[in-house]
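Asks: For reference, the structure I am asking about is given below.
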Amino acid sequence: MAKLAILAVLASLLGAVSGEFSIYAGYGFPPPNPSVPYPLPPACPPLSPAPGLKVGYYADKDKCPGAEEIVREVVEKATAGEKAGLIRLFFHDCFVEGCDGSVLLTGTDTERTAFPNLSLRGFELIEEAKAKLEKHCPGIVSCADIVAFAGRDASYSLSYGRINYRVPAGRYDGKVSRANDTFQNLPPPFGDLALTTAMLAAKGLNQNEMVVLSGAHSIGRSACSSFPDRLPPAANSSTAMEPKLAGQLTATCSAGSSVNVPQDAVTPDRLDNQYYKNVVSRDVLFNSDASLTTSSQTEDLVEFYAGNLPFLGGKFLGPLAWYHDFEDAMVKMGYIGVKTSAEGEIRKTCASINKP
């Protein structure tokens, strides 16, 4: 019944989106067709530690001692932009086909070729880590686990050590990657609170975890084509973009929709709670971010993480709580759609499935 309820909510919400957003196809999503039901993401069961995954999985002598250190060394030398890309890569991998490295596969009509994934970064770093691991311990470490480790290590670096968590590992690499699957599984930037909440619920993540994971928008850059619905800011809207930022972006984006701008102009290379301060002041790019203030429950959590609540030393407790909650949410997200040995493989290279 719970799965049916989630699908029903998604059906009504995505139908509303199709009718309300004339710029829908501008995000690379399929043009709406009222006569054809929008393909919905399958609802997954409540997330719990996946069988076969464990912290320190590769530390055993018969596995690959030092595997996580090898990945960390590759991530440490990356640029801030590449590290932000590695975190986003983990998100996009897990939300489509599960955390199975399917986003890494190259070829015609794979996830990697889909419009929402054309700006993904970090593929070369994953391949570099994989090549080193294949020399160290051939055929042992999955690409899916490398993506999960890299997302953790990038979070650690960009948060200046404030985010640091142990990654349960033992994933297998998937053999399926379809471009069209990205559209029905990745939450769109124009989504409102109900839509974004429902899409994460379909992945087993609750609304609080959605607010927590949205904090990853405190790093990275976005193309102007990702927020045309926000410019110019809507009149008499409580979630409209702050006029000064809107004016700056209008001028910047006049050079073309492919121009990239920082998602957080205050601390663009730091994974911190500045994102929540930006949500409060309406200095955010996406409607999905701005909509976090449209519910008292999510708005209270935003204010808490921003450090704006006075009780219990909220100025300090809120930001610290977000780092901890982000760690927990990243671990939980890593349980989405984990493949077993019967469903997957350990690829020799991350860009292609193994030859028979």
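Cβ coordinates come from backbone N, Cα and C, glycine included.
Since this is a predicted model, take the numbers as computed values, not measurements.
The annotation signal peptide is assigned in TrEMBL to 1-19. Taken from TrEMBL, the feature disulfide bond applies to Cys64-Cys137, Cys94-Cys99, Cys143-Cys350, Cys224-Cys253. Here TrEMBL flags Arg88 as site 'Transition state stabilizer'. According to TrEMBL, the feature active site, proton acceptor maps to His92. Residues or ranges marked as Ca(2+) 1 binding site in TrEMBL: Asp93, Val96, Gly98, Asp100, Ser102, Glu111. Among the features that TrEMBL reports, substrate binding site is placed at Pro187. According to TrEMBL, the feature heme b binding site maps to His217. The Ca(2+) 2 binding site annotation in TrEMBL covers Asp264, Thr267, Asp272.
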Asks: Hey, of His92, Cys143, Pro187, which of those recorded positions are within 10 Å of Glu111 (Ca(2+) 1 binding site), Cα to Cα?
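Replies: Among His92, Cys143, Pro187, the ones whose Cα sits within 10 Å of that of Glu111 (Ca(2+) 1 binding site) are His92.
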Asks: Around the C-beta of Cys253 (disulfide bond), how many further C-beta atoms are within 10 angstroms, looking at every protein chain?
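Replies: Within a 10 Å radius of the Cβ of Cys253 (disulfide bond) lie 18 other Cβ atoms.
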Asks: What number of additional C-beta atoms lies within 10 angstroms of the C-beta atom of Cys99 (disulfide bond)?
Replies: 29
Asks: Given Gly98 (Ca(2+) 1 binding site) and the residue listed as 'active site, proton acceptor', what distance in Å do their CA atoms have, once rounded to a whole number?
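Replies: Checking the Cα atoms of Gly98 (Ca(2+) 1 binding site) and the residue listed as 'active site, proton acceptor' gives a distance of 9 Å.
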Asks: Using only C-alpha positions, which one of His92, Asp93, Ser102, His217, Thr267 is spatially nearest Cys224 (disulfide bond)? These are the recorded positions in the record.
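Replies: If we rank His92, Asp93, Ser102, His217, Thr267 by Cα distance to Cys224 (disulfide bond), first place goes to His217.
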Asks: List only the single closest residue to Thr267 (Ca(2+) 2 binding site), chosen from the disulfide-bonded residues Cys99, Cys137, Cys143, Cys253, Cys350 by CA-CA distance.
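Replies: Nearest in space to Thr267 (Ca(2+) 2 binding site), counting only the disulfide-bonded residues, is Cys253.
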Asks: With a radius of 8 angstroms around the mean position of the C-beta atoms of Asp93, Val96, Gly98, Asp100, Ser102, Glu111, what other residues of the same chain does the Ca(2+) 1 site pick up?
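Replies: So the additional residues around the site are His92, Cys94, Phe95, Glu97, Cys99, Gly101, Val103, Gly174, Ser177, Gly337.
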Asks: Any idea what the Cα distance is from Cys137 (disulfide bond) over to Asp272 (Ca(2+) 2 binding site), rounded to a whole Å?
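Replies: Approximately 36 Å lies between the Cα of Cys137 (disulfide bond) and that of Asp272 (Ca(2+) 2 binding site).
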Asks: Pick the one among the recorded positions Cys64, Val96, Cys137, Cys143 whose Cβ has the fewest other Cβ atoms within 10 Å in this structure.
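Replies: Among the recorded positions Cys64, Val96, Cys137, Cys143, the lowest count of other Cβ atoms within 10 Å belongs to Cys137.
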Asks: Sequence order is fine: just name those recorded positions in Cys64, Asp100, Ser102, Asp272 with a Cα within 10 angstroms of Cys94 (disulfide bond).
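Replies: So the list reads Asp100, Ser102.
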Asks: Rounded to an integer, what is the Cα-Cα distance in Å between Val96 (Ca(2+) 1 binding site) and Cys143 (disulfide bond)?
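Replies: Cα to Cα, Val96 (Ca(2+) 1 binding site) and Cys143 (disulfide bond) are separated by 15 Å.
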Asks: Provide, as an integer number of angstrom, the distance between the C-alpha atoms of Cys99 (disulfide bond) and the residue listed as 'substrate binding site'.
Replies: 16
